[in-house]
Amino acid sequence: MPEKVFKNQRNVSKRARTFIAIPLPAELKDKIAALVARLESQNRSVTWQDPQKTHITLMFLGHIAQERVDAAAKALKETALTFSNFQLKTGNLDYLYTSDEEDNSALHISVVDSEKQLWELYKDLAKRLAAEGFYPPERLNPHITIGRIKKHRDRNIHTQTLDTLVQDKSLVGKTIPVETLNMYERLQQRGGLVRYRLLRSYSLR
């Protein structure tokens, strides 16, 4: 399987904030865009993710140097060569609430891995990354982040807002094809905008 080469993949930052993710199909992104538009009309306190940037994050690698990007890419390619295409399903809307006042709560679409195929892929990738000197998390919590909401002084009001937002069931049971594993660099731009630069992309066998 040839490696996809990108014009700027060798020009990453000296220490790139890197993560590995599964891209989403355009059809699902369009459905997420419709969901976000609907929820946005109900609540203006959420900072919504651009639906065209949504993905399933497998793991963050942190700020790493170019040679470490290459090492992670080696592990990613080997895992992609090991697994065939499979499918996941979207689950309920949910949120992650943290007690840290500095952290925003994340609103996300859960991902259903009923056959544990994603878990098997994750374990394989984690093992290969560990062999390259990385420390991948032992747990996998697959989800698609669609927005973040700042903490309210009153926790009850905050959780009530989140509980209301996650009532929408319109995206439950949608198919997510898993055909590609990507590595991205997260770039913070002026005005707080975030851009994802695609560094490597490997198709499953």
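Note: Cβ is positioned from N, Cα and C throughout, glycine not excepted.
Since we're looking at a predicted model, the values are computed, not measured.
Cross-referencing 23-26, 79-82, 123-126, 143-146 with TrEMBL places the feature motif 'HXTX 2' at 143-146. Every protein chain considered, the tally of other Cβ atoms within 10 Å of the Cβ of H55 (active site, proton donor) stands at 18. Here the motif 'HXTX 2' (143-146) has long-range neighbours at 24, 32, 35-36, 48-49, 51, 54-57, 90, 94, 106-111, meaning same-chain residues at least 6 beyond its ends whose C-beta is under 8 angstroms from one of its own. Residues 20, 24, 32, 35-36, 39, 45-49, 51, 54-59, 61, 68, 71-72, 74-76, 78-79, 82-83, 86, 88, 90, 94-95, 101, 103-109, 161-162, 178, 181 of the same chain sit 6 or more residues outside the domain 'Phosphoesterase HXTX' (115-155) yet have a Cβ under 8 Å from a Cβ within it. Within 10 Å of the C-beta atom of H143 (active site, proton acceptor) sit 19 other C-beta atoms, taking all shown protein chains into account. In the motif 'HXTX 1' (55-58), the DSSP tally of helix, strand and coil residues is 0 helix, 4 strand, 0 coil. Across the residues of the domain 'Phosphoesterase HXTX' (22-90), the predicted structure has a mean pLDDT of 95.
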